[in-house]
Amino acid sequence: MSTKYIFVTGGVVSSIGKGIVAASLGRLLKNRGLKVTIQKFDPYINIDPGTMSPYQHGEVFVTDDGAETDLDLGHYERFIDINLNKYSNVTTGKIYSEVLRKERRGEYLGATVQVIPHITDALKEKIKRAALTTDSDVIITEVGGTVGDIESLPFLEALRQMKADVGADNVMYIHTTLLPYLKAAGEMKTKPTQHSVKELRGLGIQPNMLVIRTEEPAGQGIKNKLAQFCDVAPEAVIESLDVEHLYQIPLNLQAQGMDQIVCDHLKLDAPAADMTEWSAMVDKVMNLKKQVKISLVGKYVELQDAYISVVEALKHSGYVNDAEVKINWVNANDVTAENVAELLSDADGIIVPGGFGQRGTEGKIQAIRYARENDVPMLGVCLGMQLTCIEFARHVLGLEGANSAELAPETKYPIIDIMRDQIDIEDMGGTLRLGLYPSKLKRGSKAAAAYHNQEVVQRRHRHRYEFNNAFREQFEAAGFVFSGVSPDNRLVEIVEIPENKFFVACQYHPELSSRPNRPEELYTAFVTAAVENSN
């Protein structure tokens with residue numbers, strides 16, 4: 001069977017939910033027995049989002065093979081339950097960088113290097129490579145931004161060319177748009193969608209399906225009008241209504257026959273999607289009996305997308321505890337020794353997630369100290385683990401001024417120091433310790449118990465600094481347990497204080513591996529402890 005290509009574009013406004021639509025379709029096709037992969041095209045000039053501010057971009061999602069990618073890849077992985085790779089996120093910067101390197105090496109044999117064909121060919125190669133490396137039946141490609149953005153033009157041209165390259169039966173174009181509802185007039189407006197489709201057709205792409213994002217049901221009359229003016233079948237105008245829970249969306253799209261229309265267009269002979277388990281999960285999510293309060297102490301809390309995988313992992317772990325996770329967003333910059341008890345007193349559990357830079361670190365340290373001294377279940381992640389070690393050094397070991405060499409290079413007690421293989425690296429982008437690495441677990445520890453007594457667990461990392469082993473014996477003598485280390489025993493991966501209900505911190509990012517139907521184990525152990533603490 002030829003590989004099938006589905007392209008998802010957006011119009012009218014950005015952040016309309018293209019990624020969720022693409023991920024939901026991926027889940028439906030996977031449940032039809034098809035092998036699916038998915039990728040995101042981002043038209044910005046950055047090579048990747050690794051050096052972008054979380055306020056600009058939100059979370060950086062890391063793949064198994066160490067690619068720093070768009071947060072939509074997190075949605076893709078959680079919905080479809082697949083592990084993506086470096087070909088799943090492509091940016092303008094990455095494409096131009098590769099094309100220019102080829103030009104410098106003389107690979108274009110003296111030709112004038114142009115957007116067409118060189119940039120568009122490179123984009124098409126990325127699409128095909130993503131399908132080839134995963135041996136997929138179907139690849140879904142989402143293009144970031146909206147039709148009409150100048151940055152998107154080479155991407156859309158590449159998508160247009162794909163139809164001629166692989167055949168019309170192997171390509172489908174899905175266009176997502178906003179259908180605004182004017183309360184004063186009491187009507188929906190189709191004109192923005194019509195203009196968006198007109199713009200897309202002007203670029204040579206005729207959409208085969210429209211997905212309309214709307215707050216209110218559109219009604220068949222609106223669908224027929226859009227079908228007529230946009231030249232799509234009435235049944236191929238699909239509603240994406242606002243929902244209480246994201247995981248309802250695949251079921252809503254299936255109820256409208258979206259996946260069947262896609263299969264018919266692409267001539268895919270696949271059985272109906274069995275969504276029984278997914279539906280049961282959604283029913284459970286909608287009817288959770290308990291509630292648990294988790295305080296998230298972070299420096300980017302003004303933009304909650306900066307912690308989207310953390311939030312989803314907490315929710316997933318709540319599901320298996322029959323508990324709705326209520327998150328109290330605590331700005332680390334506001335936390336002091338004087339107000340920490342007031343800010344965190346009602347927390348059933350405290351999580352201190354990752355981050356970079358000095359701002360907010362002292363507030364996080366105060367939150368960690370509060371959790372340790374008051375025996376509140378606490379999970380530290382990445383920088384959260386490093387600050388857990390610093391807090392212990394200062395307030396238990398008495399090492400006044402203990403810090404990280406990253407945050408205070410002049411510190412007398414560099415509890416956290418730069419990794420040896422990072423010392424001579426000057427570039428910031430793409431140079432961290434990235435991707436999947438193993439951690440050897442200490443038998444009898446809370447970490448080992450969380451992972452069902454596995455000897456080794458593999459999780460994704462994103463860091464440049466590590467625990468300074470010169471202090472390891474001093475920590476252990478005071479009851480601090482290093483419950484996870486690299487197989488060569490050189491890098492500290494997990495730390496804990498066994499006397500507390502749950503006081504565990506890890507260098508890696510467990511949230512990146514969590515799924516709604518398969519929550520990450522360390523997060524589950526943490527949320528379980530928080531639920532028990534709430535009783």
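Glycine is no exception: its Cβ is also placed from the backbone N, Cα and C atoms.
Keep in mind that this is a model prediction, so the values were computed, not measured.
In the predicted model, the region 'Amidoligase domain' (1-268) has a mean pLDDT of 94. The annotation region 'Amidoligase domain' is assigned in Swiss-Prot to 1-268 on the grounds of sequence analysis.
Within 10 Å of the C-beta atom of THR190 (UTP binding site) sit 20 other C-beta atoms, taking all shown protein chains into account. Under the heading UTP binding site, Swiss-Prot lists SER14, LYS189, THR190, LYS191, PRO192, THR193, GLN194, LYS225.
Under the heading CTP binding site, Swiss-Prot lists SER14, ASP149, ILE150, GLU151, LYS189, THR190, LYS191, PRO192, THR193, GLN194, LYS225, citing sequence analysis as support. Taking Cβ-Cβ distances under 8 Å and a sequence gap of 6 or more within the same chain, LYS191 (UTP binding site) has no neighbours at all.
In the three-state DSSP scheme, ASP72 (ATP binding site) is classed as helix. Taking a C-beta cut-off of under 8 Å and a sequence gap of six or more, ASP72 (ATP binding site) has these contacts in its own chain: GLY19, ALA22, ALA23, LYS40, PHE61, GLU142, GLY144. Annotated ATP binding site per Swiss-Prot: SER15, ILE16, GLY17, LYS18, GLY19, ILE20, ASP72, in sequence order.
Swiss-Prot lists TYR55, GLY355, LEU383, GLY384, MET385, GLN386, GLU406, ARG464 with the feature L-glutamine binding site, giving sequence analysis as the kind of evidence. Listed in sequence order, GLY298, LYS299, TYR300, CYS382, LEU383 are the same-chain residues six or more apart from GLY355 (L-glutamine binding site) with CB atoms under 8 A from its CB.
Annotated Mg(2+) binding site per Swiss-Prot: ASP72, GLU142, in sequence order, evidence recorded as sequence analysis.
Under the heading domain 'Glutamine amidotransferase type-1', Swiss-Prot lists 293-535.
The active site, nucleophile feature in Swiss-Prot is assigned to CYS382.
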Check your understanding: Between the binding-site residues GLY17, GLY19, PRO192, GLY384, where is the Cβ count within 10 Å the lowest?
Key -> PRO192
**Study point:** Local backbone state of LYS189 (UTP binding site), from DSSP in three classes
**Key:** coil
Review point. Under DSSP, is GLN386 (L-glutamine binding site) helix, strand or coil?
Key: helix
**Study point:** Lowest local Cβ density among ILE16, ILE150, MET385, which the record lists as binding-site residues, within 10 Å
**Key:** ILE150
Revision key, fill the gap. Least Cβ-packed of the binding-site residues GLU142, GLU406 (other Cβ atoms within 10 Å) is GLU406
Check your understanding: At its widest, how many Å does the recorded CTP site span between Cα atoms of SER14, ASP149, ILE150, GLU151, LYS189, THR190, LYS191, PRO192, THR193, GLN194, LYS225?
Key -> 31
